[in-house]
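Chemist: Take a look at the following structure, please.
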Ligand SMILES: Nc1ncnc2c1ncn2[C@@H]1O[C@H](COP(=O)(O)OP(=O)(O)O)[C@@H](O)[C@H]1O
Ligand SMILES: O=P(O)(O)OC[C@H]1O[C@](O)(COP(=O)(O)O)[C@@H](O)[C@@H]1O
Ligand SMILES: [Mg+2]
């Protein structure tokens, strides 16, 4: 592939996600394959602003494919949100001779990269890496599958103790504005109800469901609540139930950051590998200001505006199935 690009800077940004290392490895090895130099920018936009850059080659990314977290580390950078911060970042990447960027991160990372591209015209591609799966333009984001499997494993363990004591558990899973982890860990974990921000619901709807379960002799209940729930988090919902009745013996578990760690599943490793190579090939084909995605098992590139103007909707079928099975 002939192209003017010769030095590609890669970084991870925003919330880390299992599989980011597999994506870094794929980017670096694809660079080597196409005879391009790759540099790793540490701590996302923070490292870009501070000029914290390391040399990478095919061997330096050995033995990271299977590891959680990110060897390039990640950060949420306040300074990059300012024009002054972005100018500093630009000066640094020029100094390093970086002539294209690959960011591995979520919607915030992509928004920052888009601004940077508009201001300085550096060819850039984003790889979706976030456990939230909240980006349109790809069926899955890197880390979502691993995080959901982790949540399911936790729910299974909670089920054992919930049933032993006939308890009602509110289990909060991650997803700042997204119910993906909740709906699918809820289906896979056999939840009595799933509360997600994408679906209109009320506390009364939930109450009705719990009462129905009581009438049909349900011994224990697991309610999976997405962090972004619009009717209250797991603690708030537990409090509301307690206020309404003393019938239920209630416990709350917030799964939190354990969902972000751990070895990536085979699925996330393969997804990250495809996307990493796809990002390098996209840049070399002259694509920019796009996110690489996988849709129906094919690599696709979508412009920033197309991705950000859409939400990654949860399919109606999943919502329907979750309801039928919670009976
Ligand atoms: N509107 C913005 N303008 C400039 N930079 C932004 C903007 N939004 C996000 N960023 C940068 O991207 C980083 C990562 O975004 P964040 O929302 O924290 O995580 P994620 O990329 O996982 O969604 C932020 O810390 C910030 O540096
Ligand atoms: O680790 P932090 O900074 O507390 O952020 C927590 C947030 O990060 C996430 O795990 C992932 O979101 P992002 O990928 O957008 O950063 C959210 O589910 C959660 O709300
Ligand atoms: Mg995000």
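Glycine is no exception: its Cβ is also placed from the backbone N, Cα and C atoms.
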Chemist: What does TrEMBL list, out of 81, 86, 159, as binding the same ADP as 25, 26, 27, 28, 29, 218, 219, 220?
Modeler: 159
Chemist: Could you look at 15, 19, 175 and say which one TrEMBL places alongside 76, 77, 106, 107, 108, 109 in the ATP site?
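Modeler: Looking at 15, 19, 175, the one TrEMBL places in the ATP site next to 76, 77, 106, 107, 108, 109 is 15.
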Chemist: Just give me the nearest neighbour of residue 15 (ATP binding site) among the recorded positions 29, 130, 132, 174, 258, Cα to Cα.
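Modeler: Result for residue 15 (ATP binding site): the nearest of the recorded positions is 130.
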Chemist: Which secondary structure state does DSSP assign to residue 251 (substrate binding site), in the simple three-class scheme?
Modeler: strand
Chemist: With respect to ligand 1, which members of the binding-site residues 27, 174, 220, 251 satisfy a Cβ distance under 6 angstroms to one of its atoms?
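Modeler: By the Cβ criterion, which requires under 6 Å to ligand 1, there are no hits.
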Chemist: I'm trying to understand the geometry here, so how far is the Cα atom of residue 29 (ADP binding site) from the Cα atom of residue 77 (ATP binding site), in Å to the nearest whole number?
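Modeler: On Cα coordinates alone, these residues lie 28 Å apart.
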Chemist: If I take the Cα of residue 174 (substrate binding site) as reference, which of the binding-site residues 25, 76, 77, 106, 109 has the closest Cα?
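Modeler: The answer is 106.
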